[in-house]
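Database features, via Swiss-Prot:
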- 902-942: domain 'EGF-like 3' (DOMAIN)
- 1297-1333: domain 'LDL-receptor class A 2' (DOMAIN)
- 75-119: repeat 'LDL-receptor class B 1' (REPEAT)
- 78-81: repeat 'YWTD 1' (REPEAT)
- 207-247: repeat 'LDL-receptor class B 4' (REPEAT)
- 251-254: repeat 'YWTD 4' (REPEAT)
- 385-427: repeat 'LDL-receptor class B 6' (REPEAT)
- 428-470: repeat 'LDL-receptor class B 7' (REPEAT)
- 515-557: repeat 'LDL-receptor class B 9' (REPEAT)
- 559-562: repeat 'YWTD 8' (REPEAT)
- 690-693: repeat 'YWTD 9' (REPEAT)
- 730-772: repeat 'LDL-receptor class B 12' (REPEAT)
- 816-855: repeat 'LDL-receptor class B 14' (REPEAT)
- 856-898: repeat 'LDL-receptor class B 15' (REPEAT)
- 1408-1615: topological domain 'Cytoplasmic' (TOPO_DOM)
């Protein structure tokens, strides 16, 4: 029998077809176009017919590339970057071509870009500025073409052959417009059936216009005039963005699919996906010569004869000459003027701008000046072309040219808040006002020759304007008594013009031609005008002026900025007609309108500076020369010189300097903060001046030019009437008539020491002789005298005792004589240095007061004559008047180096002293700050270890109650307000206190290292009200009682709150003291019915009441461990008692003559207390109550007292809690056996190790507790499942690794994979038998009972399923006969099929390995953002029928894929859920194509009934757990409140918005809106009254950056 012929080779053909299908080998095709597209982070090229998922990066590392175009002939690629607000370019045909900036200023949101390849121009749209602009390809000659009637212009396309440009506008009135490329013949061509026209492109061959509408989901086309509109694609688009075409194919990008698609340009057929899984596809172009055909234009030859721009036009002669923005075209129609002539200069907070007033577009151009922080005022010099401005944040005055070059800082010292600025363009001077220093000052225009013109009676000076022709200046003051003032340009002849009906007169402008003065008031909301002499006041405008700030005048118009409207407007000064120049520009400050080419007016200062060497001032009377600070005018009245010596004197709130030679040089030193200056001295080596202020009770210093004012002593002064500088030892001495002390400190106020405090009676004037080592002073007490002592305060000796009230003691160092004025005899006397040889120098004086000596003269002041005079120092003859008309000159001196000459030991290395070097006759002695101890060997000083601290209302003082030290010294602690309680840490040497603002603070005793432990301003519990505090020095903790919450709290000394240790419903703990040595705290409990004294362990346990009777109001407690006693004082019973620490042996210690006791403490053998009413600190012996002594009297407003004793390091180390807090995490308590016991605050529990405190258990037994983070508990099944659910990923830590042949149990156990779903629990948690009704492995059969058995066990005649279902429905057939020819003939094809299947499997495996490797990430085969969409399926199992959609279509790689959750602008690209998957939605409610693009979400968003945060049956467990049935692995989205709309008021000064990169999450609550991708609201507002609406946010999110709009303004949201 003939063998059967071989069958057809169809297995091999099938194999070939499968290989082609699997590996995607393309068939030969014609050349396909290259697509150039922006992908936000980069710009790419892709071959439209090439291999899928392959693209070439043209340029990477971009911020936010949006629009893109090219110039094919040059290989140039252009794109816009909306984050960098720039247009940039690079080249395709150059290796390593650099990115170049084309336009980098004046852009906000450049959405559209088009290249005119013929005319070599760039056109672009800006949807924020609402402009369409054009420039050369290199960005030069930039011009605004359209600025009106634009709302949200986006895409732009050019047709150079016909001279037309087209653009889309998706604002309030969506439309497509056409205009000539020169800006002519503008016309709307499409305005119906249009909503969000995104993409736009032109078919140059068929002369068709294509556009895409993202809202209406279609692509249409029409003729270029808008006629014959046709549908191309409709209804099946998700979110098309940009379009382009090539041949018969139309290409577009889609935001939602993140892909590039294509179809037939006429029918919409042949739809296909070109490239997918893009980051964020934006604009797209076909990169080919056909898209940019070349032809000749008239602009090719000599630029069309144009000086700047030659723009193509649709009308004869088919081109137009144009000028850069703001520049006018001359009458010849070809040449542009040199530049803008009338310009508006604008200061914004962080930039300067210029606006041309020559052209109607009013485009603002940013000056390229760096480091502008907070520009306020601005002005211009038309001669040199400099722009001047003030910066309030950097505290400087700067200037630069109009193009931004030549930036300089002119003034940056002694300037606080420079609000106004004005240029005297004639005299070349610069004036400014400063609301911080309350001055008006002037310099030359280059910043030299600075001089203060006005410094008195200024409150809040702001605007300033100059009239150089009349020699006048005008300024506004918006302080408590607002006014407008006028003075000569030199500051003289000051007068008030307007002081009625003013609020905040911010702006000021002069009309030089008309002689008018205009101002704008931000409080009365008016613009008013008067004549320059103050007459004929009238209102020009008072409608809709919410907050005027900047103000200027040019020609017939007044211009102003408005803070609230965010606009620049102008009004005609005669007609009062009004225009808006710029709308919705935030951060507007000052402005100046100028004619840059026109100089108006002159005066004599224009001619060689009026002959002045420095400053020239033209005044209504004459030209006056002025000198800068530190120089004097010579008798020629023109030349300024540096004087050899000069007089300095104090006069109440000012310190002046005058010439020794002439009487016309009285100059106030520009010092700030002087109230009532008294004593005066100087340090010539450092050019410092020192003065005392008896009103402020301070000693201050500054440089002689008035700069760097600082307080050197500001605590513990009462009436510092005398003061002298030790210029050799660099020390400062002063006498205080209030405290009856003479003190010394370093010149900076450090190391303060009380020198003399005994036997003083109103010390007054001081004089020093450092060369000899003596100090001299006068006393005005009951027995006035003149005294001498060593400069260390020792060896006091009365020199003159028969004298009246001697004042202003002065030493003639050359002749060794003392001089003084006697206020009782009205004489000036002199003696030798021992008080002998007394001589009367002058005795016919009405009322001499201040006195100084220099050279051969003495100088004195006379209160009755209001003068300063001089006379011969020996005879009193040759009296000369130096200065008259002076009131209450307190002190006077001559500033000259001869007054501070000589040598002593302290001049060299401070005499080797650690702190103070004090000169004495024949040598020196080292000294220390009060209470410090000198080490004689090292000459260093040691701080006190045993002392008392007591607090007053606004001071804390230190006291050492012995005879060797000065008793008390106020510590330099700043900001003390109503101190209530104090304590001290002897280890770190910090003082702790409670103040009246509910703060607990600390600082070193020298005021350094201040720190706030707890404060309401830190956002802590607003109910906190600390009452008392006590420190545990061993555990480094602070215990404090709270009046508001009635608790005892504990803080670490580092500032960390530990929690509450004691609380009760009826408890009111107040006074507290910690006895850490024995592990107890004692406190008073001021319960409603009866006061108590209680004791408890440091953790609040072991609580016991010691006393409930014999108490009314115990206010202070103190423990003495030496005696084992507890002491307390009762303010109402007015007695001090004691008892044993256990409460036994109660004893009254003192109850006589106690009026208002507050504090109590123990130091050594004595018990100290304070009595607020008697203003005393007293003490008794602590054991007997005997020897009651008053320690300090006349101490007002006492509030607390605390004793500090030296801590024994041996005893400290022996404490069980001293080392590492006894090993405890929180509270360490010393036990009686010397071992520590750890405990916790009430909100925590002690864990099993008995050392650490932790949260109480809140998770159920079948849950896993996260270590930290906002999620507390997760289901136990999620532990070690490969996906971190805890914020800190602690659920995936410490997990065992199971092999591929093992099944990982939920709790980490590994079992044989074959035991999965075998009907028996092999995992300890039974997780191997969970979900068996839904899942079996690919080689398993699912039984009806849910059990899984091997497929080969099915129908094997042996029941393997529990219910025997594996043996049901089996057909029992007889094995075929071996000799059957029919069956024999089928063996070959069967073998071929089997071989084919094996080969296909191998190819599939290879393809999977190759393709999947493309997406391998650091964390596994896929990046982190792609997560499994089927959480119940094993990780190596592909769900049946589970088609793989999304960005990796057709690629499974062993996992079912789903796009990650996106946060709008995040990396995922899709919203959390869409409208078609909202809770309760019917499955048939929508036929959106989203269902085919992404796998369905398994569960809807949580509802109130299912969300465990709203309903939880496990009521005793934490509700902070995610839902057990999860639609996807949770990417926890933190709650974020919507940003506030910066609706400003009249005092609003903050217009900043959140960064566009950081404000994406708050849109999530809008995801379920019926319009899932609405555009952001337009920022442009109509001309509305501020009373009706708030101005919109100054910066909205990019329209394509976030797909959702910001929440509505709270002012306009009707909901």
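Including glycine, each Cβ sits where the backbone N, Cα and C put it.
Residues 344, 346, 507, 520, 527, 545-553, 568-570, 581, 588-591, 593 of the same chain, all 6+ positions outside the repeat 'YWTD 8' (559-562), place their C-beta atoms under 8 angstroms from a C-beta of that stretch. Counting C-beta pairs under 8 angstroms (sequence separation of 6 or more), the repeat 'LDL-receptor class B 7' (428-470) reaches the repeat 'LDL-receptor class B 9' (515-557) with 3 or more such pairs. Sequence-remote contacts of a segment are chain residues at least 6 beyond its ends whose Cβ falls under 8 Å from one of its Cβ atoms, and for the repeat 'LDL-receptor class B 15' (856-898) they are 644-652, 657-658, 660, 663, 666, 677-682, 684, 689, 691, 704, 808, 810, 812, 819, 821, 828, 830, 839, 841-842, 845-850. For the repeat 'LDL-receptor class B 1' (75-119), same-chain residues at least 6 beyond its ends with a Cβ under 8 Å from one of its own Cβ atoms are 36, 38, 43, 58-59, 62-69, 125-129, 135, 137-139, 142, 153-158, 160-161, 165, 167-168, 181, 200, 283, 292, 294-295, 297, 299, 310-312, 363-366, 368, 1556-1557, 1598-1601. Here the repeat 'LDL-receptor class B 6' (385-427) has long-range neighbours at 343, 345, 347, 352, 354, 367-379, 433-437, 443, 445-447, 450, 461-466, 468-469, 473, 475-476, 489, 508, 590, 596, 599, 601-603, 605-606, 609-610, 615-618, 670, 705-708, meaning same-chain residues at least 6 beyond its ends whose C-beta is under 8 angstroms from one of its own. Across the repeat 'LDL-receptor class B 15' (856-898), DSSP classifies residues as 2 helix, 23 strand, 18 coil. Cβ atoms under 8 Å from those of the repeat 'LDL-receptor class B 4' (207-247) belong to residues 33, 35, 37, 48, 155, 157, 159, 162, 164, 166, 168, 176, 178, 188-190, 193-201, 253-257, 263, 265-268, 271, 281-286, 288, 290-291, 1489-1490, 1493, 1571, 1573, 1600, 1603 of the same chain, restricted to positions at least 6 beyond its ends. Summed and averaged per residue, pLDDT over the repeat 'YWTD 8' (559-562) gives 94.
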